Structures are given as structure tokens and as C-alpha cells.
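Structure first, commentary second.
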Amino acid sequence: MSKKPVMLMILDGFGISPNKEGNAVAAANKPNYDRLFAKYPHTELQASGLEVGLPEGQMGNSEVGHLNIGAGRIIYQELTRITKEIKEGTFFTNKALVKAMDEAKENNTSLHLMGLLSNGGVHSHIDHLKGLLELAKKKGLQKVYVHAFMDGRDVAPSSGKEFIVELENAMKEIGVGEIATISGRYYAMDRDNRWERVELAYNAMVLGEGEKASSAVEAIEKSYHDNKTDEFVLPTVIEEDGHPVARIKDGDSVIFFNFRPDRAREITRAIVDPEFKGFERKQLHVNFVCMTQYDKTLECVDVAYRPESYTNTLGEYVASKGLNQLRIAETEKYAHVTFFFNGGVEQPNTNEDRALIASPKVATYDLKPEMSAYEVTDELINRLDQDKYDMIILNFANPDMVGHTGVQEAAVKAIEAVDECLGKVADKVLEKEGTLFITADHGNAEVMIDYSTGKPMTAHTSDPVPFLWVSKDAEGKSLKDGGKLADIAPTMLTVMGLEVPSEMTGTCLLNK
């Protein structure tokens, strides 16, 4: 007998904006989406700010979006949690942070603070770095060095100089800290095993090798002069009298202040992992603190903010009912439909199958806007024909990953490719008498230009996202307004005929 699968399709970075200018979502020819939108119930969901556990007005992101969707409740993010602790003062007694600083003081070694320098709030926040500098000052440390990763992706592409100036002013005011290196996140924060990039960032921080400059401002200005925006700044060593300001050495303390794990793992492994094989390097012995848990299998690090655990996430609850589920995405978003969707748990649930389709190896995704969407779709159709799954979670990475390039024509092509795939998937699910919910985790591709400057916009947005209910049972029915991402899981469970567990505080969006 054919199963009637309930599927959630997440169009990553597909937001809704009334403004048509620079809007790749509106500009794209998407007959399949339009057809489903016209025929089936739909509403808009909030995917940013307090509705997803972020600070008010903070744009959403993929990690946060998938956590909220999978948990069926608002998940207070590390960003909100750490900022709150700095305000309340408990940050300054955090055991792991205090221990790393005390050891640097006792052993007369250096403290290195590394991470993404911006207020983007996706991977890090400059205020957390300022908090660490204040703590270092309180502890009486003098040898404190910052290894700044330049952003240009979650914030404007050439805003890095402003953040460097802001940091230098803060260090002056607090009375401690010097910038030792700067590197574009393209190098320091790779997540796709492109070790030749990571090696350049590592060499700057540890060996003092790479581009040279007499100040961080000089380094970033040179980069702009060479037409390299923040994300692509070549790893640069800041020198004084012909010598590096500082290098990470044996016995030093290192605090990595990024709170989002996925782009923090590779450079961390390069520094601390005794089994590291990415490139040739000598083993360092440092006191290393990760702001959050980047990887459970890394035992040689301390963690400042351990993950909170969540019971009865959507995947766990469906598994407890003896049902089969599938998670499917290409490499760029695979962690999102598995690890993040499961509330930060790496281990699959019972009867949870996973299909990983490799993302194309291109320098930037505007060069291949369709990415691996067609391959993901082919694999999904094959799996649907097996009649095995009760629930399927699917992610199309294109609107987000191509949206990040700032190239509008490419983002339009990305959405058109996804629409083609969406049509095939919807037809197959309807053929199986199943239900397809279509949504997004946050906005991006609907705003491809910065309206204040007219320049390309590469960051996420705070726009709402669509929520469509595609099913024979849905015709003529309606969905509630005023929803948020946390309402999706209770809605799916209701359609599956399952009771919503008490831990899920989201609301079912079906109008009775």
C-alpha cells in the first residue's frame, strides 16, 4: 500500500517582500510555486527576531530557522543568551573563560581572541568580543591579541573597515588588546573541507606567514584597493618593526568567540586536533576555549556555553511513534536538516534515513545557480517511490547560497531551478495522496540590493516567509495568520493525526 507521506520543503533564503526592486523571488519565473499558491491555503510566518529567539530586529538565519522548525517551540539562541549574560554580569564569571585567562596570567603567556568581526549576529557579535576584552582587563592581562575574521556576508560587503575602527576604539577605551591578524571568512571559516583556504588563515595566526601590513586598517584598505571585499581579504599578518605583533604559540590561551558551530569547526581542528589531516602542520598545545560546543568529538577544548538539550523535537517524537522519516539536502544545508533540525543532536533518530547530495565544487555559487537541486530532486523522487517514509524533510539551498553572492541574475536562475524541482516534487506527493508543506527558514533572495546604497546586498533579511499547505485535503480550507517557524511542527503533527507533545509550545496553524 502506498504511504501518504507528509513532507516539509524548506526553500532556504526565500522571503517575502512587497518591494519589487532587487527582488529575485518576485523577478523569477516560477509557474509551479504560483500555481500551488493560487490553489492551496497559504500564510506568512515570522522567521526573525524575538519570534525565533533572537534579539528584536535581528535577521533570521539557517541554523536558527531549522532549530525552531524542528523543535516546535521558540529556541533562545546563543546570541541572545550570551548578550543577556554580558548585560547581567554572569558572563564575567563563566568558568571556561575565566580559567583560560587565569592560566595566561599565571604562566605569563598570551591570550588570543579569534572570531568573526561584525555585528551580523549569525556567527558572532562584536559585543561579545568587547565583553572578552573587558574580562581580560579585569583579570589584569596585558598580552591580548585579536585574530579578526572579516565578514562582508552577514553584513555589507565592505563594512569591515568600520568594524576594525570600532574594535580599535574599544581596545583603546578598555585599555587592552591589539589586532594581530585579519583574514576573510572565505579562508578562516570554510565548512567544505577546502583545506587550502584554511591553511592560509592558520599560517597567518600560528606561523606569522602571509600578507603583511603595519595595521589592520592598512590591510583592509589594501584589500579594497585590490577589489577584494571583506569576505575575501587574504590572511594578513600585522607587523611591528618587521615582526608579527603576535603568533599563537604553545602554552597560550585561545578563545574562539564564534557561537555558531558549522564554520568554526575546521579552523579549530587545524589548531587543536591531534588527528588532524587537512594539511601539514606542527601540533600546537594551547588552552583552547570554544564559545559553544562546535563538535562533540573534540575533547581537547573547553566550552564556555554548553548546548541546552531539547526533548520531543519533531524528529524524535515521530521516531517514538514508530514512524519512518527521511532528511535530504545537498552538502551546504545537510547539517541544517539533520543536526540543527534535531535540536543540535548529531545522532539520527530510530528509522531516520539521511540522503546527502554533494554540493558542486565551484568558487562561488553564482557560477552554478542550480547547484545540486536537480540531483536532490531525482534522489527524492526515487525515495518517494519506495513508499517507505511517513515524514520527509527537504531543503533546497539555492535561494540562500546564491543570494549570498549578491548577483541578482544568478539568484533569479536559482529560484527558477528550484521552482522546476518544486513542481516535480509536488506532483509526486499529490500522486501519493500525501501532504506537502512549503516554507523557508529566513529571507535573503528577495532583497538583492541595499536600498540605501544601491550596492549588492549579500545578507539575510528580517522578512516573513511563506507557508503553503498542498494536499487534496487542503482545498477550500485556510491557515491562520500571525504564525512563526515554531508553529510548523505542531501543524505537521496534526495533519499526521498525532497528538502534539506538551514540550512543543508552537501553535497548529490549521483553521478548524
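If you go along the chain as it appears here, the first residue is 1 and each next one adds 1.
Positions of Cβ are set from backbone N, Cα and C atoms, glycine also.
So that you can see what the record holds, here are the features copied from Swiss-Prot:
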| type | residues | note |
| --- | --- | --- |
| BINDING | Asp12, Ser62, Asp441, His442 | Mn(2+) 2 binding site |
| ACT_SITE | Ser62 | active site, phosphoserine intermediate |
| BINDING | His123, Arg153, Asp154, Arg185, Arg191, Arg260, Pro261, Asp262, Arg263, Lys333 | substrate binding site |
| BINDING | Asp400, His404, His460 | Mn(2+) 1 binding site |
His123 (substrate binding site) CB neighbourhood, other CB atoms within 10 A: 26
Largest tally of Cβ atoms lying within 10 Å of a Cβ, found at which of the binding-site residues Arg191, Arg263, His404, His442, His460: His460
C-alpha spacing of Ser62 (Mn(2+) 2 binding site) relative to His123 (substrate binding site), in angstrom: 11
Shortest C-alpha distance to Pro261 (substrate binding site) - which of the binding-site residues Asp12, Ser62, His404, Asp441, His460: Ser62
C-alpha spacing of Asp400 (Mn(2+) 1 binding site) relative to Asp12 (Mn(2+) 2 binding site), in angstrom: 5
Cα-to-Cα gap, His442 (Mn(2+) 2 binding site) vs Asp400 (Mn(2+) 1 binding site), nearest whole Å: 9
Among His123, Arg153, Asp154, Arg185, Arg191, Arg260, Pro261, Asp262, Arg263, Lys333, the record's substrate binders - longest CA distance, Å: 18
Candidates Asp154, Arg191, Arg263, namely the binding-site residues, that fall within 10 Å of His460 (Mn(2+) 1 binding site) by Cα distance: Asp154
Around the Cβ of Asp154 (substrate binding site), the count of other Cβ atoms that are within 10 Å: 21
Asp154, Arg191, Arg263, Asp400, His404 screened against Ser62 (Mn(2+) 2 binding site), Cα within 10 Å - retained binding-site residues: Asp400
Between Asp154 (substrate binding site) and His404 (Mn(2+) 1 binding site): CA-CA distance (Å): 8
Lowest local Cβ density (other Cβ within 10 Å) among binding-site residues: Asp12, Asp400, Asp441: Asp12
Secondary structure at His460 (Mn(2+) 1 binding site), reduced by DSSP to three states: coil
